[in-house]
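Single-structure report; data block below.
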Amino acid sequence: MGPTRPTPPRTPAVPLFAAVVRPLQAFLRLEAASGIVLLSCAVAALALANSPLSDEYRAFFDTTLGVRVGPLAAEFSLAMLVNDGLMTIFFFVVGMEIKRELAVGELRTLRQALLPLVAALGGMAVPAAIFLAFNAGTPAAAGWGVPMATDIAFCVGVLTLLKARVPHALVVFVTALAIFDDIGGILVIALFYGHGLQLTWLAAAGGLTAALALMSRSYVRSLAAYALVTAALWYALHHGGIHATIAGVIAGLAIPARARVSPRAVLRGVADHTAELLRAAEDEDLDSAAVLELEERIEDVESPLGRFVHALHPWVAFAIMPVFALANSGVDLRALEPAQLVGRLAVGTALALFAGKLVGIFCCTWIAVRSGLAPMPGGASAAKLIGVSAVAGIGFTVALFIAGLAYGGGTQLLDEAKVGILAGSLVSGVVGALVLRLTPRVSSRSPAPELSVASAS
């Protein structure tokens, strides 16, 4: 009889912290890559709009499409399909991410949510005030909601490139802040950028919203079922005078965020089922039904919201948002007078994004920390807080979206606003990155929360 082999040491269990952080790591990697794709599409749109192909570029997105179902018919441009149709899916994912953070994520308790909420309020109020200081009393004042948003894809992309100098807690803080920014932007779109409210259609929309709530309470897990009701809600809101993309947000908030069965109970069932399979004769093949049952038990751990986000997020990050950037970032600078490039609308928008976000977020956060309302995320220095506050001034996707609602397509005001959005976002990203680059490296980083580039509202 040979010598007894020593029992290998047991591998320690994965810390709970690592298990919680891994989904956030995946989210951050996805957003970082999406930022690169978004930037490429924005540059391509600007290049096309200022090239000999500018007429073809505009004509392509003005292409008229049509749909007919029996006696019902509709015509719309390709730009409308992107802005009103595909962006509904974008806002659907935004709605789900908001619900996930509020239900099981970083914003699930008041203490966790308080600091990013205060920072977000400052980061929305100060930019709006600066914008109105430049444009009050003019037709451009309608775009006061433009500089309120933070583009999470670009923002996290910049922070990812500087991961050695940004504490992970500060990245989580900025992500939570952007979630509140999204909520603010959604409320602004719903309340201030509608047109001619029609109570009959809004009543129908209310009924469909109640249907979504009932589906959530009944734990409906079919994405197709939610899509069908959301399409009807989109139609009702469109005719009711509220921007139809809000249907995506409402649907996203209705998706169940928790598993129906507790993960512990599911895992216990999986363990028992696996033990039964292992007790079977070794020469007995596992039939497909047994394997399928095991897969179904494992699927019960994931909530419908988690499953839908996992399925749709790559499409939003790498298809819908880049197509939106390609359709909406093109500004023919040759058609604008020099005075318009440095006019009140363009400069007001750029300053509102850069200075407004920087001052609003930094001051509100600093006051909240100094007053003992909440601790500084990761014990970050004032310089690091200044850096991330500046980076949060990158407002792109939702800012362009609100500008389109405020000024309408193809107008000179819209082009001036786009110049301001692009300039303000560029300055915010560059200045924020330079400030963070000059700060000391983070002394100790756990491997779990590391940000690495592997990318959406």
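Just so you know, the numbers here start at 1 and follow the chain as drawn.
Just so it is clear, glycine is given a Cβ too, placed from its N, Cα and C backbone atoms.
Taken from Swiss-Prot, the feature transmembrane segment covers 33-53, 76-96, 114-134, 142-162, 172-192, 196-216, 235-255, 308-328, 349-369, 385-405, 419-439.
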Stretch among 114-134, 142-162, 172-192, 196-216 sharing the most Cβ pairs under 8 Å with the transmembrane segment (385-405): 142-162
Interface present between the transmembrane segment (76-96) and the transmembrane segment (308-328) (three or more C-beta pairs under 8 A): yes
Segment proximity, the transmembrane segment (142-162) to the transmembrane segment (419-439), 3 or more C-beta pairs under 8 Å: yes
Segment proximity, the transmembrane segment (172-192) to the transmembrane segment (33-53), 3 or more C-beta pairs under 8 Å: no
Positions whose Cβ lies under 8 angstroms from the transmembrane segment (349-369), at least six residues beyond its ends: 114-115, 118-131, 134, 143, 146-147, 150, 177, 375-376, 382, 385-386, 388-390, 392-395, 399, 416-417, 419-421, 423-425, 427-428, 431
Tertiary contacts of the transmembrane segment (142-162), as residues 6+ beyond its ends and Cβ separation under 8 Å: 28-29, 31-36, 38-39, 123-124, 127-128, 130-132, 135, 171, 174-175, 177-178, 181-182, 184-185, 188-189, 192-193, 317, 321, 345, 349, 352-353, 356-357, 388, 391-399, 402-403, 406-407, 413, 417, 420-421, 424-425, 429, 432-433, 436-437, 451-453, 455-457
Chain residues in Cβ proximity to the transmembrane segment (196-216) (below 8 Å; excluding those fewer than six residues from its ends, i.e. six or more beyond): 225-226, 229-230, 232-233, 236-237, 239-242, 247, 250-251, 254-256
Intrachain neighbours beyond the transmembrane segment (76-96), with Cβ under 8 angstroms and 6 or more residues off its ends: 60-66, 182, 186, 230, 234, 238, 243-253, 255, 305, 308-309, 312-313, 315-316, 320-321, 323-324, 327-328, 397, 401, 404, 409, 456-457
Same-chain residues near the transmembrane segment (114-134), Cβ under 8 Å, at least 6 residues beyond its ends: 106-107, 141, 143-148, 150, 173, 176-181, 184, 344-345, 347-349, 351-353, 355-357, 359-361, 363-365, 368-369, 373-374, 377, 389, 392
